[in-house]
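Notes follow the structure.
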Amino acid sequence: MRITVIFFTGITIALVSCAVLKKSGETIDEEEARAAVRLKEINEELDRKKNINTLASWAYASNITETNLKSMNDVAVETAKYYNCKFWELRSYYGGIEPPIIRSEDDFDPPAKYHISSDVEYLRYLVSFIIQFQFHQAVCEKAGQFVPNDPEKTLLNCDIYQSTEAGNAFKEMLQLGSSKPWPDAMEILTGQRKMDASALIEYFRPLSDWLQKKNKELGAHVGWEKSTKCVKKSG
């Protein structure tokens with residue numbers, strides 16, 4: 001698994017927090033009312049969460065599909081011929097995605113994605129999206145910008161700009177290059193050697209609370225119906 005992909009993506013979240021964007025003047029107008037500013041933050045969270053959900057569901061479904069395809073020689077032809085519909089079942093179940101037209105076992109859609117046909121493991125991108133929030137929380141804590149349960153110092157509004165502590169922590173980790181296993185490098189920054197999704201959950205907690213409240217107010221249905229766009233032919 002290429003660590004450059006994982007660590008590069010892992011750093012980006014710390015550079016695009018709402019507080020940083022406010023300072024740069026890119027997205028948030030300080031003249032707006034606090035409620036309007038919060039709405040913009042919600043929109044930014046929704047946009048980022050949408051991207052993560054899309055990639056996570058795709059990466060997981062792709063990884064299962066890759067594993068199935070690699071073991072195709074070990075299963076009966078009768079079982080293998082249903083892999084295309086199994087792929088779409090995974091896409092529907094985890095991501096709410098279905099094909100635009102009816103598909104069947106006569107089609108073979110998974111290899112249309114370069115990573116699958118070229119045996120490039122896509123799970124690395126899912127890993128990067130998890131640890132980027134671990135990185136973000138670690139540097140925010142070092143910069144004194146994140147305090148659990150403090151509404152004024154959340155991961156969403158963390159600003160590490162001009163923080164020597166955060167910068168030095170990144171530098172100490174990155175200067176290892178490929179000389180050490182990636183868990184060693186991650187431990188220097190985060191104090192952890194394993195992936196932990198708790199920082200991701202903490203980052204999106206304000207959005208989660210807002211969505212639960214809105215869904216309850218609107219009586220919105222959460223989820224989607226099972227797709228029937230891939231048909232397993234009989235005989």
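Sequential numbering from 1, following the chain as shown.
For all residues, glycine too, the Cβ spot is worked out from N, Cα and C.
These features come from TrEMBL:
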BINDING   R124  chloride binding site
DISULFID  C140-C158  disulfide bond
SIGNAL    1-18  signal peptide
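Secondary structure at C140 (disulfide bond), as computed by DSSP, is helix.
In this structure, the residue listed as 'chloride binding site' is part of a helix by DSSP.
A Cα-Cα distance of 26 Å separates C158 (disulfide bond) from R124 (chloride binding site).
Separating the Cα atoms of the residue listed as 'chloride binding site' and C140 (disulfide bond) is a whole-number distance of 24 Å. For R124 (chloride binding site), the count of additional Cβ atoms within 10 Å of its Cβ stands at 19 [all protein chains shown].
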